[in-house]
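Since the structure comes first, as structure tokens, the remarks are kept for the end.
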Amino acid sequence: MSHILTTLIALLSLILTFTFYLASTDIPQTLSPQGCRMSWMSPSYILQSGFNSSWSPLAERYSLWLYREVGWEGTPVNGVPVLFIPGNAGSSRQVRSIAASATRQFYQSPYVVSGEFAGRAVKPLDFYAGPPAGLDRYDHAALVVRYIVTFGSHATICPALVEFNEDLSAFHGPTLDSQISYSSRAIPYILSHYPPNTSIIIMGHSMGGIVGTSLLPSADISAVITMSTPHTLPPARFDSRIDRIYARNQHILRTDSTPILSLCGGATDIMIPSESCILPTVQNNTTESIFRRTVFTSALEGSWTGVGHLEMVWCHQVRWRVARAALELGESSSIRARVTALDRWLRDGNSLPTLTRVPQNDLSLADSASYEILPADIHLILKRPQGSRTCLLPVPSSSSGFPSKFVLYVSEGSIPPVSPQHPNFLRVSVYNCHRQKLSKSSTPTNSLDPPSCTTLAPSALNLLPNPIPGKPFPVPEEGSDESEGVVLFEADVQPSDPEPMWVAVHTEGANNAGWIVGGFSPPQDNGGVVTSKARPIDPFLGKLSIQLPASDRGVTLRTEVKIINLLSSALIVYRITPTFGPTLPTQADSTCAGSLFAPLLMQTSYPSETHYFPLVHSPPRALLLHAHNSGPYVPDSSRGLNFTIYSSGSSGCMTGVDIQIDWWSTFGRWGSRYMMTVLSWAVGVVALVLFEVWEAADNMSLQNSLTMFISGRFIMLLIGSFVVACLPLPTNYYLGNKGEPLLAPIAPVILFVIAGLVQVSCWMLDILIWIIGRIESMFSRQQSAGLGYRGTLVSMCLVLMLIFLFVPWQVAFLGCWAIHLHTCATLRAKPIALDPGPAISLIDWSRQEANNNPSTQSGSTARLANQSPSTTNPQPLSLHGHHLNMHILLLMTWLLPFVAPVLAVWVRTLMTAGFTVPFDGDHNFLNVAPFLLLVDSISSSRGPNVRGRAWENHAVRWSFFVLAMVAIFPGPRTVYRVFDIANIVAALIVIIPLLRTLGVSLPIMMTTSGR
């Protein structure tokens, strides 16, 4: 029955794993669809051969290239240098989309500067790029020379790009350090081609953003723009040296004054968790302004779409804004000017524009015929306005003292300084007007003076998308155009009774295009803000219904909804379903779609993260609301689900929304964020199995051990994992969610999946061992386990020397696993004879047994003394040793993922650079020496004898418990610590029997000294 239970758990874990995988891969299509237009370019690259080993010893490994757009610009570099740094497995060729956009914005036609930049101090950019695939650096340099001869010489933007040969920098700290070193030397080389005091712009994609940030502080860097960069959490946490780089960068982000902007793709980016892309907030910034801005592409004005990890560099809606921001940065000579340029072209609308153009003169209304006053509670609606016009809207009175919220929408026009990329001539200004009583010098014919108007300061001023009703948003492979969008103006107006007040909307330059809608939304105490105190667990149990104000059938110019207790986390996805009134949903959709501005839901979960969802669909479609303000192992947390519904005010639409958990997308978020936790906890589960059966491991098969563990303590372990998940542990421990009770079920789910995967791995090892055993039996009938002491010692020294000089220790661990797998296969295939003569291992396990059993020591010694090696009968090896070896093989198997990334880095480096670059820190043979000795001893003799004295057994047994605790608690955040503890455990397994062999026993020594 127990074996059936174990099999069922294994099969269910496979089903759950496949479900999590499908849900994770489905996120870009369901949770955050991508609408990116393809970008086009005509690239060419020029090798910077002058950047050689005299500048950097890494010049033989990496290269520096200058990008040029064929037919648009020439070769001389007299613009603004930009250094592009690719990410993990990335190429400098990724910059070609941004570089081409910068060139084609600066030039309206080949070599003809655009009128937008003519007469300004804006210079072109200079980018450097890597060669296209299939061409080496020399062939490609010749290709570029032909372009130079053909197109002549003109100044252009010069992107400087480094080619890192697609190094896997996310997995290996020394590789990341090498890229930082190379880039730091590339900057002075690049600037040596420019006039003094020239500064450079840094662009980094993915891990290239980590490299770019590490180049600070530097007076030569004017700004840093990162794209899809995990600033706060390494995506692969197998190397402690990467953690040290991250810690150094955190200090830079808190203290350095260089403007840094981070672009994040949101849920569409499944390569990194986007909560790690958010720049940390600068605390206690009292000395100077430190610009740190995080912009999600779903909020980026003119983009309004999620963007994938690789698509970030070529998505047209993003790349042209990044290029334009870089062009404007080149003209900026101060930090304030650079901040203004970044804010102007990479805005998310979550803050007011850095510079707001204030009219030079207040609005004059001396002539009563120059304006009109609308009746109270009537919205301003102007379709296809013409010329100039001024409309005054009365400010409603408020008995509660709450200010009135004025909302204004402008289509195809501008409210300076916010506008679409190419607006019409329509320009709108907003003023706060009041009228005072006549002074004594006024004529008695009029009882009141004309209204006096001053500029009304906005509380929000940004660009909203205007989705087309009936079409998906964003439109696949098309998205939004940079000229689309509706300008939103919001302001809080405090009425001053008894004097009347108005808000004046002044239009000018209207040319029979666009529209304007404005008015007051209900105050906060009268339906303007809907606040719900629903329990956090309600959406998990069923449907949570929120009713919108009934006075306007749920649709006003602006309705804000705050559900203050709901959990806001990257691990939770809410499904929002709009509800409609008495009319059929399709009729309600038709009514809403007929309005100038169809209802639009804006979700803001973080000061930098905003998502937009059109509410008009036929048939109605559920909306998936998600957030990245907190996540596993990211030091931040918050509660509350907040969203705002904008509309032009038509009636007959929504009456409310229903909220519940979208489990499919939620499972996808779990699967994409706890992969490291699964690896770490799997080692913990195997360690707990060994802790349970260690003293009997030589008499119990691995399958029986797993069955006993699952049918025994596993249920209590599941319950305990849930209880621990509710404890307020630090962010870097366990699940990394500070003990959130609603997320506690994740722990037993992960543990259940891991238990099944461990069982599946046991089956896979059995299959491999059977195959190897069958192959072994085909080529030999009997083999001796002994290798010879001298030969083994020499072999071990050679292996350690290879590790110290050439091969990373991770390769040696892979070899250990392969040798141990072969040993287990041969032991299981047939008995293996031991040669007690010269064929002994580095550790003599037979002597250990004699020392452990004094009653047989003298007899055994006498028998061995009377026998020569040639006449001694080979002794068959018991399968008890095989059982213990299988337990150790299972542990080593689950440690393989901890060393596999560095193996991939090493192979990749051999392919691109050979042995030219040493793997600093990866040649310490002590990191693998315990496993080398353990595997050598097992393959050469009967294996470790676990039946030692009590303190010896307890020491090894409890070391497995320590390994399990490290793997379960700090392991998911600092995965590299798990292998370090496993190495110590292997050392104990080797050292304790060795001390016993040498006659060293702590209890005996203490007894002797006592006598």
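Sequential numbering from 1, following the chain as shown.
Glycine is no exception: its Cβ is also placed from the backbone N, Cα and C atoms.
Bear in mind that TrEMBL entries carry predicted annotations, made automatically and left uncurated.
Residues or ranges marked as domain 'GPI inositol-deacylase PGAP1-like alpha/beta' by TrEMBL: 77-328. Summarising the annotation, TrEMBL assigns domain 'GPI inositol-deacylase transmembrane' to 731-992. Marked as region 'Disordered' by TrEMBL: 851-876. As annotated by TrEMBL, signal peptide applies to 1-25. For 674-694, 706-730, 742-772, 793-820, 886-907, 955-972, 984-1005, the entry in TrEMBL reads transmembrane segment.
Against the transmembrane segment (706-730), the recorded stretches 674-694, 742-772, 793-820, 886-907, 955-972 differ in Cβ pairs under 8 Å, and the greatest number is found for 742-772. Proximity of distant same-chain residues to the transmembrane segment (742-772), defined by a Cβ-Cβ separation under 8 Å and at least 6 residues beyond the stretch ends, is recorded for 6-7, 9-14, 16-17, 20, 536-537, 540, 567, 569, 571-572, 670, 674, 677-678, 681-682, 685-686, 689, 702-703, 706, 710, 714, 717-719, 721-722, 724-726, 734-735, 821-822, 824-826, 828-829, 886, 889-890, 893-894. Taking every listed stretch (793-820, 886-907, 955-972) in turn, the largest tally of C-beta pairs under 8 A with the transmembrane segment (674-694) is reached by 955-972.
Distant neighbours of the transmembrane segment (955-972): 632-633, 674, 676-677, 680-681, 683-685, 687-688, 690-691, 694-695, 729, 732-736, 946, 978, 981-982, 984-985, 988-989, 992; these residues of the same chain sit at least 6 beyond its ends, with a Cβ under 8 Å from one of its Cβ atoms.
In the predicted model, the domain 'GPI inositol-deacylase PGAP1-like alpha/beta' (77-328) shows an average pLDDT of 83.
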